[in-house]
Amino acid sequence: MTVLFGQLFTGISIGAVLLLIALGLALTFGQMNVINMAHGEFIMAGAYTTYVLQQSITGAGLSLLVALPVAFVVAGTMGVLLEILLIRRLYARPLDTLLVTWGVSLMLQQLARDVFGSPNVQTRAPELLTGNVAVPGGLTVANNRLFILALALAAVAALTLALRFTPLGRRIRAVVQNRDLAAVSGVPTARVDRTTFFLGSGLAGLAGVALTLLGPIGPTMGTNLIIDAFLVVVVGGIGQLKGSVIVAFALGVLQATGEYLTTLSVAKVIVFVAIVAFLQWRPQGLFTLRTRSLA
Amino acid sequence: MSVLWGRRILAGAMTLVAAAAMTACGSKTSDEGGAAGVTADVSGDTVKVGLLNSLSGTMAISEVTVRDSIMLAVEEINAAGGVLGKKIQPIGEDGASDWPTFAEKAEKLISEDRVAAVFGCWTSASRKAVKPVFEKNKALLFYPVQYEGLEQSPYIFYTGATTNQQIVPGLDYLKAQGTKSVYLVGSDYVFPRTANKIIKAYAAANGMTVVGEDYAPLGSTEFGTIVNKVKSSGAKAVFNTLNGDSNVAFFKEYKSAGLTAAAMPVVSVSIAEEEVKGIGTQYLEGQLTAWNYYQTTPGAANGKFVAAYKAKYGADKPTSDPMEAAYVSVYLWKAMVEKAGAFDVEKVRGVSDGITFDAPEGLVTVDGKTQHIAKTARIGKVGADGLITEVWNSGKPIAPDPYLKTYPWASGLS
């Protein structure tokens with residue numbers, strides 16, 4: 001029973017990681033329909049930001065807290081630069097965007113290699129986040145997993161509120177639902193696109209900070225994550241945040257359960273088969289945006 | 001642009017990414033060209049040797065350090081007058097972490113450059129890819145990395161450990177500590193699977209129980225479930241054959257699950273000084289490793305090696321077991337050539353038995369029959385400074401036994 005709950009929590013925490021890496025994509029791919037293959041490298045940028053900050057800020061806890069906003073801005077700025085320099089010119093050409101951003105992703109990886117070296121680097125986690133808390137019933141829950149879960153949920157909440165209640169959010173929704181109508185109504189779509197891209201890339205930076213607590217920090221860390229991130233957004237449905245949230249946790253629990261009952265490799269197969277089957281049934285994903293636009 | 005159109009493009013892109021990842025495996029070596037027994041070109045006042053390592057791609061992290069130590073040995077030998085009066089002229093090729101490329105470059109070094117010997121390869125996959133090339137051309141390869149054993153090519157000298165010099169001593173150590181049950185965690189490819197087959201045979205014969213066995217695909221970084229399984233298994237120790245990035249995720253998860261080196265130590269066979277830096281001492285302190293050499297290994301030969309390496313490549317660069325084995329391989333080749341009085345491959349092979357070298361790891365002796373070398377096994381513990389200090393050694397060099405013929409419990413393996 002303890003193991004069962006442990007596994008349930010593991011599944012939820014895998015889901016939280018998936019959610020965190022996919023949230024930014026849910027904005028840029030989901031809302032703007034830009035296939036950004038360099039999203040994983042923005043995550044990497046967030047992780048390296050943590051590493052760089054730790055060189056000057058010695059307290060592991062403090063540096064992690066500082067890294068969250070700084071990584072958001074660093075990755076967000078990289079995203080805006082990418083948008084201004086390349087993606088903006090390619091909005092109607094998805095295939096070109098894909099190839100160009102893939103190229104950018106390779107260049108960023110090489111840049112990281114040149115600046116930080118090809119071996120992985122280490123960051124120190126605050127002692128508090130390397131321990132665990134005991135829950136009655138013999139179950140222990142890892143603190144870093146709790147932190148990531150909290151961070152993911154906070155990011156979702158903030159994003160949802162921003163989209164629903166702020167003027168910016170209203171403009172983003174307007175552009176997503178009907179770009180032309182938004183434009184003729186006086187919404188500056190180009191600026192909205194740029195802001196959306198900043199937010200989406202910034203969220204990738206946040207994910208990078210969180211991932212320093214779990215996995216390797218190296219030039220290729222982004223490539224391992226990008227496929228999972230796209231899976232979540234595609235299955236969740238384009239243009240909807242709630243789809244990504246539900247799918248992230250569902251895939252996490254499915255992965256953890258499958259892995260517990262079989263092996264890691266088989267669990268991955270199970271997850272992929274489930275996704276393929278699901279997309280056969282609902283090719284548009286879990287939720288779709290209903291609009292009156294003709295596109 | 002419709003949503004579905006975007007998705008279709010995405011699917012194509014994912015296939016592309018997956019295909020790029022998969023070019024790393026598969027594919028056979030080509031069989032074309034190359035008359036049997038290309039002789040090395042030693043007519044000038046230099047002798048060419050080939051250096052075949054991945055300088056790009058996923059294995060570059062590790063293989064560049066091996067290339068660096070080979071170059072160090074070459075420079076030292078040249079400064080001391082060369083081999084048989086000839087300076088060594090190193091010819092470097094990039095295997096690019098791609099096994100067919102290794103085979104192609106090996107063919108080039110042998111047939112075009114006509115080198116006297118080649119030093120390099122890291123993964124077993126790359127060694128398996130070049131093996132037929134060396135055998136067909138009757139050329140020599142010096143392979144510097146510990147591996148899964150069960151191989152013995154007449155044209156390869158193995159200067160890293162085979163299983164009975166690393167894994168078996170690691171198990172002996174656990175047994176001596178009174179460990180009755182182990183959990184096996186490894187990456188999903190040939191080395192961990194073979195190693196675990198050996199470990200299970202050992203355990204069965206030595207009163208140990210293997211309470212669980214799990215494999216993660218190379219590059220996998222999600223270890224929540226595996227660590228949960230390990231934790232609830234009640235094992236007394238973990239034998240870890242994970243490779244690469246997976247180790248980072250595994251040890252971070254291990255620590256946050258509350259598992260400690262004191263309660264359930266992890267013995268790793270692929271974590272050397274360089275990897276410790278990338279994982280973080282915070283997560284590794286107190287954990288065990290099985291190798292034949294550490295930067296902290298005592299002795300004048302090692303003091304000289306470490307000082308020379310740091311002087312050449314930087315004070316923050318650690319030395320590790322595969323680097324040392326690569327460094328030693330050049331000196332062993334030199335000793336063989338000098339004993340044979342010629343660069344001729346068959347003559348060099350013929351005199352190899354009994355060649356010794358005062359290596360940084362201690363005295364090593366070439367076993368002419370298996371073309372492996374006798375090495376001392378050392379169990380080490382990771383310290384707070386990121387270096388590994390020895391807690392146990394085998395006392396004397398262990399004779400190589402790649403097929404584990406001298407171990408009755410291993411008779412069922414092949």
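In case you wondered, yes, glycine gets a Cβ from its N, Cα and C as well.
Per TrEMBL, the features are as follows:
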type	residues	note
TRANSMEM	A:6-27	transmembrane segment
TRANSMEM	A:59-82	transmembrane segment
TRANSMEM	A:146-163	transmembrane segment
TRANSMEM	A:197-217	transmembrane segment
TRANSMEM	A:229-254	transmembrane segment
TRANSMEM	A:261-281	transmembrane segment
Contact call for the transmembrane segment (A:146-163) and the transmembrane segment (A:261-281): at least 3 Cβ pairs under 8 Å, seq gap 6+: no
Positions whose Cβ lies under 8 angstroms from the transmembrane segment (A:6-27), at least six residues beyond its ends: 36, 39, 42-43, 139-142, 145, 148-149, 151-153, 155-156, 159, 196-197, 199-204, 206-207, 210-211, 214, 225, 228-230, 232-233, 236, 240-241, 244-245, 248-257, 260
Other parts of the chain folded back onto the transmembrane segment (A:59-82), taken as Cβ under 8 Å at six or more residues beyond its ends: 28, 36, 38, 42-43, 45-47, 49-50, 53, 101, 104, 123-129, 151, 194, 197-206, 208-209, 212
